[in-house]
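Novice: Have a look at this one.
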């Protein structure tokens, strides 16, 4: 990996040493952490692969009608009971074949995207907000507030994530997207809180924070203008990496019959139904499973790239 | 060392009490009436419902239920299931099965994960490194239940190399497939972690010293590098035990293993509070003890760490 700071340095030295009539090299402003991270990201093929995948997935989630005109809930048992896929019929309803209810698997795969991505993004946002806030309070104020929040984090962390979420979800009969989001957030905020707490503790000891305090800045100003922006990077890294995991968790819970409830379309529910007839009809399982894997893969790859870009220690 | 362990044991008490209280509240405060649910759509006799609710102590206020539960717990009484069996009996049947499954999975995880990670770390930046990186990314992206069905479909149903169901959980050959599926996700994380620490420690001063002393490469890598790289890996394995139990719910369901995961899943579906709280209580204890043991292991791996 090229050491960016040293290339910048040599470039400026060259400019200084070069005669004035040589074409002026492009203006090099000092880069912030974020500018640096963006510079790193742009030079990674992995980032671009995941970005292109994600743009397509977001398009599918936002406008499923653009990709298929078939109705994902319309079953035709007489003509299409578990029909095999027609792999050459691109974008047609029978492209991926039909499921045990005679519904187009392609249409269901396309229409299931929105729920998966909504849950993934929703949980990540909620967890970052809740965990970030608690972690920031604990790290910044310390003392009793820190002890209470840290012990709470330990306790919520102590219950195995998937098991606890299953217990919460079992209490609800009509599980819409927001119910699943809240249930996953209930136990999911702990790692973000821990990471944010420790980075806030590091950030608040910086000289500029002491300077701001000496100048009489208010607590909220110090928190949100000085400490938060400088403690944000590790939180963002953990949140991005976790996003793919939440999508996978939603599918797992739906597969167990404890995630989204029908008529919501979820890849997990479809995989669970297809698993009963897997020996003769593997296609009904492979396509939703493949799409799920591809989505999780895209998000995890993005998280990986963001971590490499934001973590200066890895350079 | 002794004083450190004692202090850590004392610190475990509030976490243990808090965690059991939390799961107890989750089971008992969230909406849903498990007793009424026994009748399903049929009309229930209110007198029978009341009698059952009294039998399981569900007519008491929640705080009293919790105190009663904890007092009974210290006398080894975990309460009984809705079927009338003692929870402790049900657990002693299921726990050894899951213990064998998990131990086998952790063994696979350690051997394959550390092996792959070490190989990639030693060849950092080369093709083998990128290959392992992409492989682990893929494994992390495939949800456990998809991987489980895939493995069963290909290795058991199509090729017939391994049995698709576990009938005898003491037979390691039968247990291998579910253990392998259970291990895959953590194995990928272990491989990535090992790769990073290996690549980092390769540049350490003690590595250069060992090389300058003329030690054979096998000893440098196998002793100096490996031992110094193991601490983050072992920490990860310790914090991952809870994840293993979550994964066991899936793998035990797919491969029909009659262990703790299956037991918990059924209990969650019927809101059988006594079983859920009992199993989670034992799990929390196990996780706390494992993490303590791992903390004490640090001193064995790294002589610079001393516990006063």
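Each Cβ is built from the backbone N, Cα and C atoms, and glycine gets one as well.
Just so you know, TrEMBL annotations are computer predictions that nobody has curated.
Okay, these came from TrEMBL:
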DOMAIN    A:113-303  domain 'ABC transmembrane type-1'
TRANSMEM  A:47-67  transmembrane segment
TRANSMEM  A:117-140  transmembrane segment
TRANSMEM  A:152-171  transmembrane segment
TRANSMEM  A:231-249  transmembrane segment
TRANSMEM  A:285-306  transmembrane segment
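Any idea what these are sitting next to in the structure?
Specialist: A Cβ distance under 8 Å defines the sequence-distant neighbours of the transmembrane segment (A:231-249), meaning residues of its chain 6+ beyond its ends; these are 33, 37, 116-117, 119-121, 123-124, 127-128, 131-132, 135-136, 139, 161-162, 165, 184, 188, 191-192, 195-196, 198-200, 202-203, 292, 295-300, 302-304, 306-307, 310-311.
Long-range neighbours of the transmembrane segment (A:285-306) within the same chain, counting only residues 6 or more positions beyond its ends whose Cβ lies under 8 Å from a Cβ of the stretch, are 37, 41, 44, 46-47, 49-51, 53-54, 57, 85, 96-97, 105-106, 108-109, 112-113, 116-117, 120, 236-237, 240-245, 247-248, 251, 267-268, 270-271, 274-275, 278.
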Novice: If we skip the immediate neighbours and take only residues 6+ beyond the ends of the transmembrane segment (A:152-171), which ones have a Cβ under 8 Å from one of its Cβ atoms?
Specialist: 134, 138, 179-180, 183-184, 186-191, 193-194, 249, 252-253, 256, 258-259
Novice: Can you work out which residues elsewhere in the same chain, 6+ from the ends of the transmembrane segment (A:47-67), have a Cβ less than 8 Å from its Cβ atoms?
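Specialist: For the transmembrane segment (A:47-67), the list is 41, 91, 110-111, 113-114, 116-118, 294-295, 297-299, 301-302, 305, 309.
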